[in-house]
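**Q** Here it is, the structure in full.
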Amino acid sequence: MMATRALLIIAMAIAAVLGTSHGASYTVGAPAGSWDLRTNYTRWVSGINFRTGDQLVFKYSPAAHNVLEVSKADHDSCSGSKPLATFTTGDDTVLLPAGGVTRYFICGVPGHCDAGMKLAVRVEAAAPNAAAPPPAPVAAAPRAARPPTASAPSPAPVALAPRRAVRPPTAAPTPAPVAMAPRAARPPMATPGAEVPAASGMPAVPPPSSAAAPAGVGSLVRLGLGAAVSLMAFY
């Protein structure tokens, strides 16, 4: 089983390489003509995109024509004096291995190139191999729906004890004003020589005169001396 698979893979690789190297094959002038004096080769080549790996097949009568590969200058002037390659079999295959170049061919029989047997082939670069289609997306198995998680019941609200009413501040009683006793009026001072009015119906006493003051002082002195003498006599 493994050997068969390996052979199959090798065969596919070889087929891919051969297909890339040879490319398409185009018979010059076909399908309406061939390499002859009747075909318009400018019109024929305008409908084909030549790429790297393609090949040209020239079919003609060897007794009447041939194929010369020439430079652009000799192609334009129909000169076959310096051909790059010569083909005369009547069934010639020309490979186009390089891209990005133009190949020039003419018929070397005198007068045939001027009559229109000339061909310019522009070879494009080979198209990149078609990319393998992307693999089909794999459908993922649907995920089982996850049951919703039961949330824990919310705790019952706790009833708060009512707050005690705030007792308004007790206003301290304002002390009663203390009635102060009226101050006794100070009697006016007596002016010397003036009579002091009598209070409560009592007769006014005249102030002592300055003359009587020394007599009172003398009496006091005498009393003191008498008391001192009596004490001395007692001891």
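The backbone N, Cα and C atoms fix where each Cβ goes, glycine too.
Nobody curates TrEMBL annotations by hand; they come from automatic prediction.
Under the heading compositional bias 'Low complexity', TrEMBL lists 138-169, 177-203. As annotated by TrEMBL, domain 'Phytocyanin' applies to 24-125. The region 'Disordered' feature in TrEMBL is assigned to 130-213. Taken from TrEMBL, the feature signal peptide covers 1-19.
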**Q** Tell me the residue counts in helix, strand and coil for the domain 'Phytocyanin' (24-125), as DSSP assigns them.
**A** 12 helix, 37 strand, 53 coil
**Q** What mean pLDDT score does the domain 'Phytocyanin' (24-125) have in the model?
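**A** For the domain 'Phytocyanin' (24-125), the model's average pLDDT rounds to 95.
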